[in-house]
Amino acid sequence: MAPPRKNNKNKKANSSASNAPAKKTVRASGKESVGRSWANILVKVLFTGLILSLFVLAYLDAWVMERFEGRKWQVPATVYARPLTLYEGLVIDMQTVVDELHAAGYQSGDTARAGAYRRNGSKLEIHRRGFDFHNGFSPARRIQLQFKGGRLRRLADPTGASSVRLEPVQIGTLHPRLHEARQLVSIEQVPQGLIDALLSTEDRDFYAHLGVSPKAIARAMRKNMHEGRVVQGGSTITQQLVKNFFLTGERSYGRKALEAVIAVLLELRTEKDDILEAYINEVFIAQDGSRAIHGFGLASAYLFSRPLRELDPHESALLVAMMKGPSYYNPLRHPERALERRNLVLAMMAEQGHLSQQQLANYSQKPLGVERRRRQKYHYSAYLDLVREQLRRDYSDDALSTQGLRIHTYLDPQWQWRAQKQLIDGIQRLSKRYGKKAEGVQGAAVVVDHSSGDVIAVAGGTDVYHGAYNRALNARRPIGSLVKPAIYLTALEKGYTLQTPISDEPLMVTYDNKKWQPQNFDRRSHTLADITGDEADHSVLEIPLYQALARSYNLAAVRLGTDVGISAVTDTLRRLGFEGRIPYLPAMLLGAVEMRPLDVAQIYATIANRGFYAPLQAIRNVTDETGQELLRYPLKMEQRIALGPVHMLDYSLQAVMHEGTGRSVARQFASNHRIAGKTGTSDDQRDSWFAGYDNGKTTAVWLGFDDNRPLPFTAAGGALPIWASVMRSHRGVLGAGPVPEGVNYLWVDQRSGALSRETCDGAIYLPFMEGTEPTEEAPCYKENTILHWFKTWFQ
């Protein structure tokens, strides 16, 4: 009998019932497995992300610290003028000393603190700053000076010293970025007033946060969301430093996030004062022409001509105020805006408790204190170019821009200001006189102490700002008649005398199957009548050698040059110090050789120094930050020309000033002020030169157009007056120089060259080398000999 169907159904049901839980368990285990898989993946991703983040942060940290430390300690070389040494009897007036004090940033007023001076009649009290000279540190102290009759008559020093050196004027820095300048300061050199002003306006919680201020960020985010774009940063000082050091000026949330991360890393690895110091040296404050003024140190010198440490709170507040908008709040262009912003900074300082209400009122009433006229007076960019040129022989650009070197130079501020001013003023006078024909005339001047080869002043053009084209060092132009002293010196070395007759008649020179016919400037030849003024001498076609040079006759110079030889003249130029290219052409005898004003100064300095060659140099020595001497540039001297011939050449160059092409300025000098020199005008009147000297200084001046157009004036009408205006105020050693052994002065007849007497008509007093004296006697010489014999007999 078959079992009932119901029972089978029940079995199936029971079986299903018994199996159901097992099926549910299988489904639950699958879900848990999938969940665990995703969890494992997520953990791995997070772990991998964490590892990568740590690697990124580690890399970012190393990169940040390397960049920060490397750039933080890039200390550019600082360049100084020569120190002014004061002693009793020094030829100097009070105003000259005051001018140097101004250039060094001294202020007139209370001398209780260093960096100040006070005038009282003929007396001057100075509280001199301390300075690390190459032979040791000289501490700050007060000195008293008294002047009388253009001299320093009394010097009172608390140490009893007989002489006192004022700290040298800082003339610039050598920084790797040409159009960016800074003067680095340590945090110890920063006045508390500047720190208070900076933190009050830029970051009140600087010493409390870790590089990021949540309150400032929240405030900035609300503002940006309201505007729909990034318009406010809310950055801390650390973030601003990060932006300047490491990032671009891009405005985006991504850049802000990276900025915040780097700021925190920097705070974790660096002291607060180091960050603040770096910020103080980095921030952009002003623009001076093409030069960006970065850092408060240079900004203080730029606006106040004083070290940062000497600023009062209201002056510090002005510098901080300018950060908001360096151009908009420039006190030289917009003094009202700058004053309003400065007073706002002062009010914020008072609000933070850094100033009392009385101090706030007092400081708010003070003027801005910036002086446009004084600031513009002191520019040394042309001289700094020469310093760079000479330093690169011994130092790399990296060393000059990172090691904090101190470069001590021979620049004399008084001569530098005078050379630059007289060059600019002289060109302006020429522009007024000649109108459009002289529009755009440029020039250059170099002043040298020829006894040592020290370059004391360089003017590279009328544009005195940083980065301007320096014609004194870079303009190579034909020198015209400036070459003639080399021709005449060569002849004198070969036995010619100053009285040797030279023909100025026309001549034709043949070379390389070519013919060249030179001409005089006035396009005629000259006779003795042009010298004596006597018509009867027109038949005498030869003139004394020294007169041919004094009057710059071209035909006589070419004839003499071809007689002694172009090679010999070239050798003389080399011995005088010129190292550039000299073409082997007859036209070289009329100045077809290109030189820089610096090269011309070298040649004439050797002549002025009695034939002793001293290579021109701008640098005295190099020290480190502590004043320890690292490198000295010693005086080098070499006698290249015999004393006798160069003495006779000097006589001829003095004749240039009294009888020849330079006589128009001779009356501007004292009768016992020995001056000598030579004019030079190149072909087609494209260059106007004058090079000359007195007993102490040699100056070369060039004028011309940069595009080489002809000038509307000659050397006598252009460069010569500027040379005279530079040199005539020089209070150097007056009187004639010594007569070398082997040189004798004799009275000779200027027509015949025969021996004569002082009382004879036409007698001139000339130097002769022993063995070259005239032996023929003029009639007047014999008559005076008999008369002298009778006078002696009866006495």
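Residue 1 is the first one shown; counting continues down the chain.
Glycine is treated like the rest: Cβ placed from N, Cα and C.
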Range among 1-29, 668-696 that TrEMBL annotates as region 'Disordered': 1-29
Helix-strand-coil residue split for the domain 'Bifunctional transglycosylase second' (86-162), DSSP-based: 10 helix, 36 strand, 31 coil
Neighbourhood of SER481 (active site, acyl-ester intermediate), C-beta criterion under 8 angstroms, separation at least six: SER552, ASN554, ALA557, LEU590, GLY591, LYS678, THR679, GLY680, THR681, TRP689, ALA715
